[in-house]
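What follows is a single structure, written as structure tokens, with notes after it.
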Amino acid sequence: MPVSPAFNPQDALRFLPEIILTVMGTLLMVLDPVIHKRSSNAFGHISLIALVMALGASIYAYGIAGPAFGGMLMVDGFATFFRVVVITVGILTVFPSYRFLARQDAETSEYHALLLFSIAGQCLMAASNDLIMVFIGLEISSIASYVLAGYLRDDKRANEAALKYFLLGSFATGFFLYGVAWIYGLTRSVNLSVVRGVFQHQPVDPTFVGIAAALMFVGLAFKVSAAPFQIWAPDVYQGAPTPVSAFLSAGPKAAAFAIFLRIFMTAFEPISDKWQPLVWTAALASMCIGNFAAILQTNIKRMLAYSSIAHAGYVLVALTAHSETGVAAAMFYLAGYAFMNVGAFAAVSVLTGKGERYQNIDDFKGMGRKQPLAAAMFTIFLLSLLGVPLTGGFFGKFYIFKAALDSHLIWLTVLGLLNSAVGAYYYLRILVVMYMYEPGEAADAAEPLAPSLAFALILPALGTLALGIFPGWVLEFATKSAANLK
């Protein structure tokens, strides 16, 4: 469908979530000299207001869905779904950040501004229908995330995490951009709809097409921490502040998968035979490396990092299915994953104590008695990550493996189920430590649960259970959005 390049006033309304987040992020930095440091929680309140406004704007924009800015953006159900997911991740990240920033006596305005800028980039990624816009959104999100990872400037682990994240992330972005250059050279366009049309109706050298797809796959696989490009994730998740680790594990990953799905299921859909074997291999490698490496970990944050690699593999299984059902399953899974993983890291933020001193799994002995609410919420998140019924994780995995079976991916489904069984060991090990051992030093040093941290635990737990008990409405919207993804 041809799209007029002329400006339409509705374009600004369709772009409203990104405008709100950018303006409010800038406002936070402008207000920094004005607001007294003792009132630093005000920056968190402003950040929450901005995110709620952006959430409302995303829902409003869906009511006037359509292309914007000459077709560079596409505000549809797919974009709205992922906008809501990444903004929700931002809201859930703000709550544990209150206590973290107060404990560290860190600057709050810059932290929340970077958070808003990163989410703005992720929203742009979700709505992009043009490879240049994808790149811009990717860079906005990534640059802010690099700084957040090293936000504690006096912490050597945080500095190391930020440096590794920046260097490897820049390298991966180079691969992605080089792939974009190949696509432009082959099709004379960076618009996804036009690229799809060229691949469908014009002869293109299959070797060059395969190279372009592989280059872009490498760049995106890094962003979602999929094997064999996952090496950065454990060090970054361990070294970054725990609320930042929660954010990085869910928000940027969901946005990157939105790009993955939109590019590979629209522009690259006619050449699926070129990329399906690559995605199949990455899915299996991610599940195996993530789950088996997680078994060996003693640090809770590194364990969750390897767990996130395995979960990236599950989503890649849905992409390998190459079907509307697979896309819908991936969308549902990422929504559930956002709740359970942000919640898990929020629980870790509580249970590791002041300064995150107690990060070893053995330090969690007896936490079920000393921190009953945090331990109970952590249990819900771990069971959801495992895929136990009545949680969002169960239905997420069920829909993914069903989509894989429908596409006759028998071996990948079997291997995925076996990997899920392997995951039971390291998730249940934490529950055993928390509930079946006498309290240790960390449990004895436990502090009262702050209201902001209680919210950070209860809200994602409710989301996780809601998706496990009433999955239909989210899956229905995801299915409708996937059907319109062209």
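Placed from the backbone N, Cα and C atoms, the Cβ positions cover glycine too.
Record features (Swiss-Prot):
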type	residues	note
TRANSMEM	15-35	transmembrane segment
TRANSMEM	46-66	transmembrane segment
TRANSMEM	72-92	transmembrane segment
TRANSMEM	111-128	transmembrane segment
TRANSMEM	131-151	transmembrane segment
TRANSMEM	166-186	transmembrane segment
TRANSMEM	208-228	transmembrane segment
TRANSMEM	241-261	transmembrane segment
TRANSMEM	303-323	transmembrane segment
TRANSMEM	331-351	transmembrane segment
TRANSMEM	375-395	transmembrane segment
TRANSMEM	455-475	transmembrane segment
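Same-chain residues lying 6 or more positions outside the transmembrane segment (208-228) and placing a CB less than 8 Å from one of its CB atoms are 138, 142, 168-169, 171-180, 182-183, 185-186, 199, 252-253, 256-257, 259-260, 263, 268, 271, 274-275, 278-279, 282-283, 285-286, 288-290, 305, 308-309, 312-313, 315-316. Within the chain carrying the transmembrane segment (15-35), a Cβ under 8 angstroms from the stretch's Cβ atoms is held by residues 42-43, 46-47, 49-51, 53-55, 57-58, 60-61, 68-69, 73, 83, 87, 107, 109-110, 112-117, 119-120, 123-124, 127, all 6 or more beyond its ends. A Cβ distance under 8 Å defines the sequence-distant neighbours of the transmembrane segment (241-261), meaning residues of its chain 6+ beyond its ends; these are 78-79, 82, 85-86, 89-90, 92-93, 96-97, 100, 104, 115, 118-119, 121-123, 125-126, 128, 134, 137-138, 141-142, 145, 148-149, 151-152, 158, 220, 223-225, 301, 304-305, 308, 312, 315, 319, 327, 330-331, 334, 337-338, 341-342, 344-346, 348-349, 352, 356, 485. Long-range contacts of the transmembrane segment (131-151) within the same chain, counting only residues at least 6 positions beyond its ends with a Cβ under 8 Å from a Cβ of the stretch, are 72-73, 106, 111, 114-115, 117-125, 158-159, 161-163, 165-166, 169, 173, 176-177, 180, 183-184, 190-192, 195, 223, 236, 239-241, 244, 247-248, 252, 255-256, 259, 263.
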